[in-house]
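To start, the structure under review is shown below, and the notes come after it.
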Ligand SMILES: O=P(O)(O)OC[C@H]1O[C@@H](O)[C@H](O)[C@@H](O)[C@@H]1O
């Protein structure tokens, strides 16, 4: 009788909360791993706040990561989603960024994990569509800042990078705030390495009607608009300014990824192909160019001026289609 009296009561009027997403640190504290109750998973290296893995519920990897990528903080990561800020490539005649590393210092600094938020429960409402958002921060004066940035980027700034995992999509969002008393100029880009099965079967739509700058063949700078889907048959390195804000990557007749931009005017499409991959020490296997295509949303064809006290934001959402 006593045992029965002590049993906890089940309140049938209180709906059970769905299971929460889990967020853990790796044993060496180098990365944050988030997993939805349904099995989708994302892994973010604090070095560069680089997303290095994104898997669906069946464990299928969506991002390409080189087998020779350095994950120890000695070099920008070859694969995943490196973050490009405040300069795209290198611009030798731009006084304020010319001494920074190629693609800037965001991808070569160790970021701070600021925390997580989940959407399983909102003011008592429950949802069956779980998601988790991870926030990372990097600011001037931070201990993890690449020393080259401290030496050559003379501004006070604050970056917040958010990675949101949903069942069918991944969103990455950057907010760059100017905390200085003077304006600064910058580029921002999300250098996403999408994983594909066979690059020769890949086609990209959503670029049509756009002019592009061809970084491989400088004669083709600002060519006439692209007609039809883009296929990859050799080294490709193009900066597009598409009219549409969604780029779709298909393999054969199957749509695979939709990449939607928010507040970004450009998309860089990059594949190093055979010779360039050969020359990149951290690119492995050497025929890995067949399994990847970089679709890189950003604003890089002109400098963005961020006034003192102002902020610049931009985001991509990669949705799984097929
Ligand atoms: O080797 P990195 O610095 O990671 O750059 C890779 C490529 O990144 C792309 O975004 C650039 O358009 C290419 O020109 C560049 O080669």
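From the backbone N, Cα and C atoms, a Cβ is placed for every residue, glycine too.
Among the features that TrEMBL reports, region 'Disordered' is placed at 1-23.
Under the heading compositional bias 'Polar residues', TrEMBL lists 9-23.
In the three-state DSSP scheme, residue 102 (substrate binding site) falls into the coil class. Marked as substrate binding site by TrEMBL: 78, 102, 107.
Classification of residue 191 (active site) by DSSP places it in coil, neither helical nor stranded. For residue 191 (active site), the same-chain residues that are 6 or more apart in sequence and have a Cβ closer than 8 Å to its Cβ are 81, 82, 83, 84, 103, 107, 268, 294, 296. Taken from TrEMBL, the feature active site covers 191 (among others).
Residues annotated as active site in TrEMBL: 296 (among others). Using a 10 Å radius centred on the Cβ of residue 296 (active site) and all shown protein chains, the other Cβ atoms total 25. Mapped onto three states, the DSSP output places residue 296 (active site) in strand.
For residue 102 (substrate binding site), the same-chain residues lying six or more positions away in sequence with a CB closer than 8 A to its CB are 89, 90.
Residue 78 (substrate binding site): 22 other CB atoms within 10 A of its CB, across all protein chains. In the three-state DSSP scheme, residue 78 (substrate binding site) falls into the coil class.
Every protein chain shown contributes to the tally, and the Cβ of residue 107 (substrate binding site) ends up with 24 other Cβ atoms within 10 Å.
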